[in-house]
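Single-structure report; data block below.
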């Protein structure tokens, strides 16, 4: 439906607790607002169409299979619960690490977020430059790391190291 609204524009004096009446010839601006009601299914379909509109048929099929492949996995990653699975699946890039390979380094800036699909990662930390790294935890499938450095633009706090970590 269409609604009209009026907006009176005037300067106010320093006394905010008093409301003065509009001036005899106020400046009037008219505007209109309209909206259509959509169901959640309509909105999801629209988003899907927008996301897939630039893809050819083969790319659409590949994207659909990628989404199905990751859908169950992504539902187990709590930090992604509120996000659209299609958008998240589209943003994922599989990577593979060798056994013992450093994934991130403590103290370095972080610009990536990792979700473990398969395998485990040892979380290593050292308290000072003179100390050795100590394992303080292990991460496995559906665990994630790197979100704090990425979201807060801070150096990495811990440094996971792969232990047969595969995509």
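All residue numbers here begin at 1 and follow the chain in the order shown.
From the backbone N, Cα and C atoms, a Cβ is placed for every residue, glycine too.
Listed features, source Swiss-Prot:
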BINDING   51-78  3',5'-cyclic AMP 1 binding site
BINDING   79-167  3',5'-cyclic AMP 2 binding site
MOD_RES   12  phosphothreonine
MOD_RES   14  phosphoserine
MOD_RES   20  phosphoserine
MOD_RES   34  phosphoserine
MOD_RES   82  phosphoserine
MOTIF     30-33  motif 'Pseudophosphorylation motif'
Quiz item: About how far apart, in whole Å, are the alpha carbons (Cα) of residue 91 (3',5'-cyclic AMP 2 binding site) and residue 75 (3',5'-cyclic AMP 1 binding site)?
Solution: 15
Exercise. Determine, to the nearest whole angstrom, how far the Cα atom of residue 115 (3',5'-cyclic AMP 2 binding site) is from the Cα atom of residue 75 (3',5'-cyclic AMP 1 binding site).
Key: 12
Quiz item: What is the Cβ neighbour count of residue 82 (phosphoserine) at a 10 Å cut-off, with all protein chains included?
Solution: 6
Quiz prompt | Average model confidence [pLDDT] within the motif 'Pseudophosphorylation motif' (30-33) | solution = 50
Practice problem: Return one of helix, strand or coil for residue 127 (3',5'-cyclic AMP 2 binding site), based on DSSP. | Solution: coil
Self-check item: Number of other Cβ atoms within 10 Å of the Cβ of residue 139 (3',5'-cyclic AMP 2 binding site) across all protein chains
Solution: 21
Practice problem: Inside 10 Å of the Cβ of residue 91 (3',5'-cyclic AMP 2 binding site), count up the other Cβ atoms and send me the figure. | Solution: 9
Exercise. For residue 103 (3',5'-cyclic AMP 2 binding site), list the number of other Cβ atoms lying within 10 Å of its Cβ atom.
Key: 21
Quiz item: If you skip the near sequence neighbours and keep only those at least six away, which residues in the chain come within under 8 angstroms of residue 79 (3',5'-cyclic AMP 2 binding site), Cβ to Cβ?
Solution: 144, 147
Practice problem: Measure from the Cα of residue 82 (phosphoserine) to the Cα of every one of the binding-site residues 75, 103, 127, 139, then give the nearest. | Solution: 75
